[in-house]
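Lifted from TrEMBL, the feature list:
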- 19-208: domain 'ABC transmembrane type-1' (DOMAIN)
- 20-43: transmembrane segment (TRANSMEM)
- 55-78: transmembrane segment (TRANSMEM)
- 90-108: transmembrane segment (TRANSMEM)
- 149-169: transmembrane segment (TRANSMEM)
- 189-207: transmembrane segment (TRANSMEM)
Amino acid sequence: MSSSWDVIVDALPVLAQGSVVTLKITVISLFFALLIGLLFGLMSTSRSKVLRGIATAYVDVLRGTPLLVQIFFIYFGLPPVLDIKIPETTAGILALSLNAGAYLAEIFRGGILSIDKGQMEAARSLGLTHGKAMRLVILPQAVRRMIPAFVNQFIVTLKDTSLLTVIGIRELMNSGEIIISGNFRSFEIWAVVAVFYFLMIYILSLLSRSLERRFAK
């Protein structure tokens with residue numbers, strides 16, 4: 001029987017590769033989530049009741065249903081209805097993007113509303129349109145305040161990638177399950193998986209605290 005150390009050493013390359021997949025999916029998902037969050041964040045602060053209503057409905061539905069259900073809906077539910085095949089990675093990124101986008105929409109909304117209304121009025125008085133004032137005056141200040149919250153959402157989404165194992169994506173969690181199915185050494189493998197997650201999240205937590213101190217000045 002192999003020692004615990006041998007089991008861990010043998011598993012490290014596969015788990016490291018799974019960690020890379022986890023980070024790639026997280027980064028790609030957050031990129032699209034930022035675009036989605038910005039769009040719905042702007043809609044939620046719009047003067048149009050229709051746009052605000054659409055944004056509210058999106059946020060309520062995505063935040064009010066479990067992410068696992070959203071993953072199943074996209075991967076198993078949509079293909080038969082649309083008569084298409086959605087690849088596992090595409091489905092996972094889509095689910096994470098839509099889910100994180102709902103939370104980022106609220107972060108954008110809160111950041112925009114945190115800027116004094118007088119700034120928008122001053123920009124408009126200088127002849128800027130509402131859109132230009134938002135882009136050139138309000139958003140740059142709001143984003144500065146939102147950066148720590150963005151990093152926190154990055155951490156949440158990174159954790160959420162572990163749910164993608166249910167549709168067979170070879171991320172960190174799934175890599176651990178595959179190794180265990182071959183050597184039946186659950187304790188050692190899950191311990192190493194936990195360490196990988198901890199290290200990634202700890203580094204991001206340090207970044208978040210650093211940004212909070214920097215932008216609090």
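Here the Cβ of each residue, glycine as well, is placed from N, Cα and C on the backbone.
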Do at least three C-beta pairs under 8 angstroms join the transmembrane segment (55-78) to the transmembrane segment (149-169), pairs 6 or more apart in sequence?
yes
Under an 8 Å Cβ to Cβ limit, what residues of the same chain, 6 or more beyond the ends of the transmembrane segment (20-43), are close to it?
51-52, 54-55, 58-59, 89, 92-93, 96-109, 111-112, 134, 150, 153-154, 157-158, 161, 164, 169-172, 175, 200
Under an 8 Å Cβ to Cβ limit, what residues of the same chain, 6 or more beyond the ends of the transmembrane segment (149-169), are close to it?
21-23, 25-26, 29-30, 33-34, 67-68, 71-72, 75, 88-89, 91-92, 96, 99-100, 103-104, 107, 111, 177, 197, 200-201, 204-205, 207-208, 211
